[in-house]
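The substrate binding site feature in TrEMBL is assigned to G81, G82, N83, L84, R103. The annotation Mg(2+) binding site is assigned in TrEMBL to D104.
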Amino acid sequence: MASLATAEACDTNSGLLASGDIRVLAPVFQIYGQCRAFSGPIATLKVYEDNVLVRELLETRGEGRVLVIDGGGSMRCALVGGNLGQLAQNMGWAGIVVNGCIRDVDEINDCDVGVRALASHPQKSNKRGIGEKHTPIHIAGTVIHDGEWLYADSDGILISKTELSV
């Protein structure tokens, strides 16, 4: 998928920014993974310190999608590790954005997938399978809906109601 520069997208789409059709996530995410820039349609997930549903979604065909996980901003454990990073790569996901932590940073940095997270944490998550798939989530100052588009690069992360032209 062609890369879209987020700064250029903001500059050329001021009307969509003003209307809220494009939103900029607060700059709270660290950059991980081989893909510094990535984009795709969003699959949403809401969990808290439990990554069973993260694995379930990443085991499905990604088809260039981006998994956006609202982990409640928890800094007490990791929701994504090296195995899930590799799974995302193998299943064709473009990226993962975690409102929470990841672990196995060196392994994730070797994966050909884009990853954004608040921080890293060495402890694994719980395994209860509690959460909600494909539901609206609220992270980094904006509501994100399943099926919207995400564009990420070194300048930041954009959420768009529709696919943007390159």
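Backbone N, Cα and C define each Cβ position, glycine as well.
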> How many whole Å apart are the CA atoms of N83 (substrate binding site) and D104 (Mg(2+) binding site)?
Replying inline: 9
>> Cβ within 8 angstroms of the Cβ centroid of G81, G82, N83, L84, R103: which residues besides those meet this for the substrate site?
In response: A78, V80, G85, Q86, I102, D104, E107, I108
> What same-chain residues, at least 6 away in sequence, bring their CB to under 8 Å of the CB of G82 (substrate binding site)?
Replying inline: R103, D104, D106, E107, I108, C111
>> Restricting to the chain of G81 (substrate binding site) and a gap of 6 or more, list residues whose Cβ falls under 8 Å of its Cβ, or answer none.
In response: I102, R103, D104, E107, I108, K124
> Hey, what's the widest CA-to-CA gap across G81, G82, N83, L84, R103, the substrate contacts in the record, in Å?
Replying inline: 10
